[in-house]
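Visitor: I'd like to ask some things about the structure below.
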Amino acid sequence: MLDHQPWLRYLQPVVLLIVAILVAQVVPSRYANALVLFTLYAYISICWNFVGGLAGKLSLAHGAFFGLGAYISAVLFVDLGVPLLVGGVIAAAVVAIFAWIMSAIAFRRRIGALYFALLTLAFAYVLLELVRQYEIAYKLLGVHLPLVDDPLNLIFLNKFNSFYIGMVMVAIALAVWIWVSRHRFGYMLAAIREDEEAAKALGVNVPSVLTVTMVATAAATSFAGVLAAGYLLSVEANFVMSFEWMNIVLAVTLVGGLGRMYGPVVGAAFITIIGEIVRSLPQSIAAGGISTIVYGALVLLAATLLPSGIVGIARRDRELVVR
Amino acid sequence: MALVAEKVSKRYSGLLALDSVSLELPPGRILALIGPNGAGKSTMFEVLSGMRKADGGKVVLDGTDVTELPPWQRCRLGIARTFQVVRPLAAMTVLDNVKVGAFVRHHDASEAEAVAREALEQVGLADRASQLARSLTLLQRKQLEVARALATQPRYLLLDECFAGLRAAEQDVSMQLVRRLADQGLGLILVEHSMRIVMRLAEEVMVLHHGKKLAQGTPAQIAKNPDVRAAYLGARDVVG
């Protein structure tokens, strides 16, 4: 039935959104933080999945795009009174420019996978250092947003509202995924992933398709930062720009299912639960980056035992593109 | 109207793979490119399709100089190719492989699917449409190469040894397809080792040797050419 009525697929994100909202009604408020983290993980990972899963390019810069979105929008809001959403658009534009520069360097000529990963990693650290230097110069204690109920700036006294917004973003990202993976652009991305030379011979403008994907997903990722800024209220370089976010995105996508539509959602749920368990451990064990070790171990396990992720268990027959 | 190479040269770190070779392929014609291994046949394909840039000379497509254009643009202008070493998009289905080609001219997904299914029908892979490309046999992968190239709806098609490894009966089917495509107005260049196929299919044969054009003519003329016999066919039974 679904194949005859393709638009029905677009109901899936809507249903997911409704279910999530209903579930949130019965979740104790102490788990609101976990729910928000879940939406952030899922949303960023869906964005990253276009690059890492569909196009097969290992970007290590998307964590920094998220952090930059949070930091720029928070600074503009606190220092210049720019509404958070407007600041978010500005942040997205800045992030898009960085992604474009990265793409111009990387995709102009055919470069190896390792080179691309290292280039994006270097960019991520350059951006972190830039923000850190700015913080040392002007914002020594971080950027602090006022704790007042201010829905237009995504600041809510009821933390569940951040979760709802996050779920809407997840649903939109999933809808975009459905659209892309069923249309020309998605096929071009998958062809690039499978074989760049063959893709070129089949009329795919490899550099421009990859550049569009990097720039669009970078800008989209930065919006998660805006949501995080309004939610966290206290935005510090070392936290929002931390490479930990990138680690989580990799763990989420690989555990959930690389290149699969629901991979990031399932992976984010899994990683969030693991994160909560780690957090609930006694301080003596939980301290000192144990979460990073756990995420790393999960990636190793996923890579060796579940190459198609959790989603792949259910749908082993269906490969990456499409659907 | 033709696909033209004008005095094309290509050098690979010291080795002159193509030395000022010219060819002209009008629509509806079948040109066979033959020569011993390393003669420059595949290099000619690389240069015509734009996968590699020529060091000298020009490639002209129906009057447009495409020498500086990347392969994807040449594909959109009407040059399609297959790869000698097949390049299936392994994790995608056969149909999706061909759809990638069809999307060149049809941005609408269902239109592209119709074009892709037709191309699969033409090469005889229609019943494999929903299989993953990695599950195909080598023979089927070669058919997939052709289907994908056809789905881009080219005006000129470069077939790189797409008959190799086929049994005689299968070769006949493929030859019929090539003949039919030429009748539809497609210009075709075949790189081929089997003289049986070259003699029966090609209207014109070009012999390359050490990157130079050694001879050009009808299959009958080439078969009689003493230089060609000496350089390439010497030990072989020409008529196959």
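Here the Cβ of each residue, glycine as well, is placed from N, Cα and C on the backbone.
Keep in mind that TrEMBL annotations are predicted by a computer and have not been checked by a curator.
According to TrEMBL, the protein carries these features:
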- A:7-25: transmembrane segment (TRANSMEM)
- A:31-51: transmembrane segment (TRANSMEM)
- A:58-78: transmembrane segment (TRANSMEM)
- A:84-106: transmembrane segment (TRANSMEM)
- A:113-131: transmembrane segment (TRANSMEM)
- A:162-180: transmembrane segment (TRANSMEM)
- A:201-233: transmembrane segment (TRANSMEM)
- A:239-258: transmembrane segment (TRANSMEM)
- A:265-281: transmembrane segment (TRANSMEM)
- A:293-314: transmembrane segment (TRANSMEM)
Visitor: Looking only at residues six or more beyond either end of the transmembrane segment (A:84-106), which have a C-beta under 8 A from one in the stretch?
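Guide: Apart from its flanks, the transmembrane segment (A:84-106) reaches 61, 65, 68-69, 71-77, 115-116, 119-120, 123, 127, 145, 152-155, 207, 210-211, 214-215, 217-223, 225-226, 229-230.
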Visitor: So which of A:7-25, A:31-51, A:58-78, A:162-180, A:239-258 is most in touch with the transmembrane segment (A:201-233), counting Cβ pairs under 8 Å?
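Guide: Maximum Cβ contact count belongs to A:58-78.
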Visitor: Should anything in the same chain at least six residues away from the transmembrane segment (A:162-180) have a Cβ under 8 Å from its Cβ atoms, list it; otherwise answer none.
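Guide: Same-chain contacts beyond the flanks: 9-10, 12-14, 16-17, 20-21, 24, 32, 35-36, 38-40, 42-43, 46-47, 49-50, 54, 154, 156, 186, 189, 220, 223-224, 227, 230-231, 261-262, 265.
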Visitor: With the transmembrane segment (A:265-281) as the reference, find which of A:7-25, A:58-78, A:239-258, A:293-314 contributes the most Cβ pairs under 8 Å.
Guide: A:239-258
Visitor: Which range out of A:31-51, A:113-131, A:239-258, A:293-314 gives the transmembrane segment (A:58-78) the most CB pairs under 8 Å?
Guide: A:113-131
Visitor: Among A:7-25, A:31-51, A:239-258, A:293-314, point out the range having the most Cβ pairs under 8 angstroms from the transmembrane segment (A:113-131).
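Guide: Selected stretch: A:239-258, with the most Cβ pairs under 8 Å.
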